[in-house]
Amino acid sequence: MRRISIFGATGSVGESAFDLLMRAGGAEAYHTVALTGGRNIARLAEMARALRAEIALTAYPELLPELRAALAGSGVEAAAGTEAIAEAGARPSDWALSAIVGAAGLRPGLEVIKRGGLLALANKETLVAAGQLVRDSAAASGARILPVDSEHSAIYQLVDGEKLESVEAITITASGGAFRDWPLEKLASASVAEASCHPNWSMGQRITIDSASMFNKALEVIEAREFFMIAPERVKVLIHPQSIIHAMVSFRDGGSVAHLGMPDMRHAIGYALNWPERRDLPVARLDLAELGGLSFRAPDEIRWPALRLAREVMAAGGAAGAVFNAAKEQALDDFLAGHIGFTGMAEVVEETLSRASALPGFGESPRDIEAVMGWDGEARRLAAAGREG
Ligand code: NAD
Ligand code: MG
């Protein structure tokens, strides 16, 4: 039986993965090693019982008694805390899904990579904050990483069997998020509730707001550069309101191939789960005649300064990715808490990048997880201080 682990099982991506596993036979078909979650203990315990996991872990130590109680009599071990979650990454498995949101997803994923495992990577923050470290560790251990972000899964499927030097450009699409058609002057006063609606995808709240601000696409541009090692200027963004084309690869001979599908994360997760095979997946089939048309437009860098910042981060290299990601996470926390407005997020991130770039060592890629987390903490401090004045 294939041994699997899910980091962030109770989230949006984690739930989709759980759905696929249950449809494919659940505990009869897969041996589940570890499942991790956050505050939703009841759901975590329910999933761990259904999949007969070896261990279930919550990020929060104060919730361990509740988790133990919820798992009583099930035979599933309970554990808690950041350290325990990272250690669970080191437990042998044949397939591990990294679907924790934010920089908190870095350590368990890196543990999987260090032991030479197969990592299905939804946590885009990993490659943004620690791209060089991830590549070096994977090269040393022989780990394989399969992208689960829909655009990157699409690119992975498109470049399969092609030489990367034949690729002229990679285009990832963006729906444009909640504020694609809002008047620019209204953006500054956009509320959390308004930013938390996505036109096409159902996702966690943080990535949904990042889609409205285009920080999600900014992270994805960097993720594409780090994953495929393609020059930054060859990674392009295209606004495509219907989210049917996920990515397109253009070759040096003038041909382009695109990946299409209904917006449902179970395709990208299932592709990584079944790789290198393709199996039936319960996603709605595409009917282009029914859709009638697809539309496209160029991204607007005034509306979405995050895209310009992504270019600056790629040009700077070194610790810029770790700083960018952490500053964005802090700015998002501050927006959610009502401390800053929607457009204030990009201002905080830009200011933080500028301040961090004056610090010693900024130009060097972080060599280990401690260095990555050092920049992460520094960026959060700078971002919070910048907000206060
Ligand atoms: P989510 O908020 O729905 O779920 C996040 C999961 O991480 C939950 O299980 C939560 O308990 C856990 N978690 C949160 N904070 C944690 C912490 N500090 N320590 C340990 N665990 C913690 O998020 P999501 O939308 O499923 O996204 C997960 C990741 O996948 C993100 O990196 C996101 O960018 C990426 N992603 C998501 C989608 C999507 O459709 N939702 C698509 C592409 C990529
Ligand atoms: Mg995506």
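Placement of Cβ uses the backbone N, Cα and C atoms for every residue, glycine included.
The NADPH binding site annotation in TrEMBL covers Thr10, Gly11, Ser12, Val13, Gly38, Arg39, Asn40, Asn123, Glu125, Gly204. A simple way to gauge crowding: the CB of Asn40 (NADPH binding site) has 15 other CB atoms within 10 angstroms, across all the protein chains here.
DSSP classifies Lys124 (1-deoxy-D-xylulose 5-phosphate binding site) as coil under the three-state reduction. Sequence-distant neighbours of Lys124 (1-deoxy-D-xylulose 5-phosphate binding site) (same chain, six or more apart, CB under 8 Å from its CB) are Asp149, His152, Leu219, Glu220, Glu223, listed in sequence order. Among the features that TrEMBL reports, 1-deoxy-D-xylulose 5-phosphate binding site is placed at Lys124, Ser150, Glu151, Ser175, His198, Ser211, Asn216, Lys217, Glu220.
Per TrEMBL, Mn(2+) binding site is recorded for Asp149, Glu151, Glu220. Annotation note: Asp149 (Mn(2+) binding site) sits in a coil segment as assigned by DSSP. The number of other CB atoms found within 10 A of the CB of Asp149 (Mn(2+) binding site), across every protein chain shown, is 27.
The feature domain '1-deoxy-D-xylulose 5-phosphate reductoisomerase N-terminal' is assigned by TrEMBL to 4-131.
Sequence annotations record features per position, and here TrEMBL assigns domain '1-deoxy-D-xylulose 5-phosphate reductoisomerase C-terminal' to 145-228. If you average pLDDT over the domain '1-deoxy-D-xylulose 5-phosphate reductoisomerase C-terminal' (145-228) in this model, you get 95.
According to DSSP, the domain 'DXP reductoisomerase C-terminal' (260-381) comprises 69 helix, 2 strand, 51 coil. The domain 'DXP reductoisomerase C-terminal' annotation in TrEMBL covers 260-381.
A distance of 29 Å separates the Cα atom of Asn40 (NADPH binding site) from that of Glu151 (1-deoxy-D-xylulose 5-phosphate binding site). Distance noted between the C-alpha atoms of Ser12 (NADPH binding site) and His198 (1-deoxy-D-xylulose 5-phosphate binding site) is 14 Å. Residues Thr10, taken from the binding-site residues Thr10, Glu151, Asn216, Glu220, are distinguished by a CB atom under 6 angstroms from ligand 1. Listed binding-site residues: Asn40, Lys124, Asp149, Glu151. Those with a CB atom under 6 Å from ligand 2: Asp149, Glu151.
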